[in-house]
Amino acid sequence: MLRSLTIDDKLATKAGIHVSGTVLPLGNFGASGLFTAIVASIFTVEVVRFCLKKNIVIKMPNVVPTSVIHSFAALIPGAIVIITTFVIKIGLKLDINSILQWIFSPIRYFAGDNILSVIVPILLITIVWIFGIHGMVIATPILYPFWYENLNVNTTAAAAGKVIPHLMTGQFFQWFIWIGGAGATLSLALLMAFLGKSEFCKKMGRFTFIPGIFNINEPLIFGVPIVMNPFFAIPFIAAPIMMGIITYLAMGVFHLVNYPIAIAPWTLPAPLVAMMATGFDWRAAVLAMVNIMVSCVIYLPFFKAFDKSMVEKELKAKEEEKINLGNSVTQPV
């Protein structure tokens, strides 16, 4: 009985094994069942919350141990969840996994292995960032489930020695586009630290350069600021798009770099972790460095204009300070 419950019916059929009785399709426990797991978790939590809020639980005397009280309190919510799923699956004969895959299929297109899947997320994240809204907070709930599903498939394929099928993963964006954070701002921090002429840019570059190496760019975004700043709105969008196109061509078209197959710590320097995420492909590190240089080139003219404006402001502030100091000295006591 236990063995029949743990045999994948499709695999058994392919292997020529006759399976009788109830079987559990293990295929749904892989990447294809990710959205089902998310929806099931939300549904279960909400049922429990509703029952506890409305006091729809089995009450026990106060003398009963707390652990036992909690166990009995979960019986009614648990029964509701089980009966509901039983009715949907057995009574109505609906496959929730297939239904959810169909519902999310339009969004899946923008997480597929095509150039729009590169450009659209970048536009969404960078444009809202310019207006002070954390772009990743908006994009993550929408796109990361698809990206993690793709990565899971890639990891499984790599472990089996098969061809890696998916290009679009979170690691594709993290290590080849969001270098230094959203907007690929490590390049801007480098320009400020080493090419800045104004005191503001020099100090800001020295302050944000090290965090930028470890993909933390909030000090730069809100310190410069990039938010609502006409100098940097264009490169903040254009640099990631160009880096995305280069990476797409290098990986997806010319197959010069391996596809990502693993999750790596996001607080490590991009070239190193890009190599780790692609199964220690050294070409990934080279690609990340190329993208950093491309981003520097795109940011450079806008940075120079901003730096020049800051130099002018600082000179004007010094002149006004001298005038105010002179007035205070000549003013009679």
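Glycine is treated like the rest: Cβ placed from N, Cα and C.
No curator has checked TrEMBL annotations; they are predicted automatically.
Copied from TrEMBL, the annotated features are:
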{"type": "DOMAIN", "residues": "1-302", "note": "domain 'PTS EIIC type-3'"}
{"type": "TRANSMEM", "residues": "29-52", "note": "transmembrane segment"}
{"type": "TRANSMEM", "residues": "64-88", "note": "transmembrane segment"}
{"type": "TRANSMEM", "residues": "118-144", "note": "transmembrane segment"}
{"type": "TRANSMEM", "residues": "175-195", "note": "transmembrane segment"}
{"type": "TRANSMEM", "residues": "207-226", "note": "transmembrane segment"}
{"type": "TRANSMEM", "residues": "232-250", "note": "transmembrane segment"}
{"type": "TRANSMEM", "residues": "257-278", "note": "transmembrane segment"}
{"type": "TRANSMEM", "residues": "284-303", "note": "transmembrane segment"}
Could you tell me what the rest of the chain brings near the transmembrane segment (232-250), counting residues at least six beyond its ends with Cβ under 8 Å? 115, 118-119, 122-123, 126-127, 129-130, 167, 172-173, 176-179, 182-185, 187-188, 224, 226, 256-257, 287, 290-291, 294-295, 298-299, 302, 306
For the transmembrane segment (207-226), the candidate among 64-88, 175-195, 284-303 having the most Cβ pairs under 8 Å is 175-195
How does the model score the domain 'PTS EIIC type-3' (1-302) in terms of mean pLDDT? 85
